[in-house]
Amino acid sequence: DSKDVPSAGAPDNIPGENTPVVQTHPYRKRRKLTLFLLCISCFCGGNIYSLMAPFMPLEAKRKGLSSIQIGIVFGIFQLGLFISSPLIGNYLSRLGAKFVVVLGLCAGGLPAVLFGLIIYLPSGAPFFAAALILRAADALGGAGVFTACYAIAAVVYPERMSLAFGLIQTSMSFGLMVSPAIGGLLYQIGGFSLPFFVVGGFTILYAVVFQVMLPPIEDVEYERKASVFSLLRSGLVWVTIVCIFNSAIGSMFMAPALSLHLEQFKLPSSIVGLLFVITPTFYGLSAPLWGLICDKT
């Protein structure tokens, strides 16, 4: 009976009732499909971020960029996430989480495709400016995807939220893991543009798949009494920010410089890409375990 099937966003137990609602098989399948689609979305976001790590520093050097400028091109993505994620979170319930994911995938995929064309720009300032603008646009798309995916997971899996978050983190780290290897291989096959055309095109195509296949999601509608930024008055929030800040530095600080350092060993770009796999591999394998520990303790 359709009346016995809870909505996609409903918790397993109705507050105030002693008898738990028995989930029907179609509802369980919808939840699993939703989580799977969220994981692929975050995989695409991680893919776009780390795609250029094995070869971009070398090409940027040839285009006249300094090591500091190369670091800025890499860092602008994280800065964009830092600035835009709270803004997107503040308006997420008004825009709709599904819409934000689809828009974020398109906003990440299209600049990635365009990034493959900047190799034809003049060296120096034009190349540097175009790289910054497109990476910032990628960051805006990634912020939309990551923020909305976590929000949907919290609604669909309220009783196992940490585990669901851990699986999403694993998917994102898997994208970070395989993308340098894929990027290095595609660069070796077809030059600078091919990796961006392939990964960006796939991301845009997946946005269409996500729009069509995602089950109905009951967006959380509520009257907010304060801005998301009021959270910054909490000491606990600042402790969390500092922890994540330090963790991100530890895992990503060498991305702009490692491939330049390895150039002396005359390694092919596909092998250099594999060296960027180590950190996200262990990150991804451990994330669900930490999520399970959080749910248990």
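Just so it is clear, glycine is given a Cβ too, placed from its N, Cα and C backbone atoms.
Per TrEMBL, region 'Disordered' is recorded for 1-21.
As annotated by TrEMBL, transmembrane segment applies to 33-56 (among others).
According to TrEMBL, the feature domain 'Major facilitator superfamily (MFS) profile' maps to 34-297.
The transmembrane segment annotation in TrEMBL covers 68-92 (among others).
The transmembrane segment annotation in TrEMBL covers 99-121 (among others).
The feature transmembrane segment is assigned by TrEMBL to 127-156 (among others).
Residues 35, 38-40, 42-55, 146, 149-150, 153-154, 156-157, 194-195, 198-199, 268-277, 280-281, 283-285, 287-292, 295 of the same chain, all 6+ positions outside the transmembrane segment (163-186), place their C-beta atoms under 8 angstroms from a C-beta of that stretch. Annotated transmembrane segment per TrEMBL: 163-186 (among others), in sequence order.
Per TrEMBL, the feature transmembrane segment maps to 192-214 (among others).
The annotation transmembrane segment is assigned in TrEMBL to 235-258 (among others). Beyond the ends of the transmembrane segment (235-258), by six or more residues, the same chain brings 50, 53, 57, 67, 70-71, 73-75, 78, 272, 275-276, 279-280, 283 to within a C-beta distance below 8 angstroms of the stretch.
According to TrEMBL, the transmembrane segment annotation covers 270-293 (among others). Listed as Cβ neighbours of the transmembrane segment (270-293) (distance under 8 Å, sequence separation of 6 or more from its ends, same chain) are residues 46, 50, 53-55, 162-167, 169-174, 176-178, 180-185, 188, 251, 255, 258-259, 262.
Model confidence over the domain 'Major facilitator superfamily (MFS) profile' (34-297) stands at 85, taken as the mean pLDDT rounded to a whole number.
At the 8 Å Cβ cutoff, the transmembrane segment (192-214) and the transmembrane segment (68-92) share fewer than 3 close pairs (sequence separation 6 or more) and do not count as touching.
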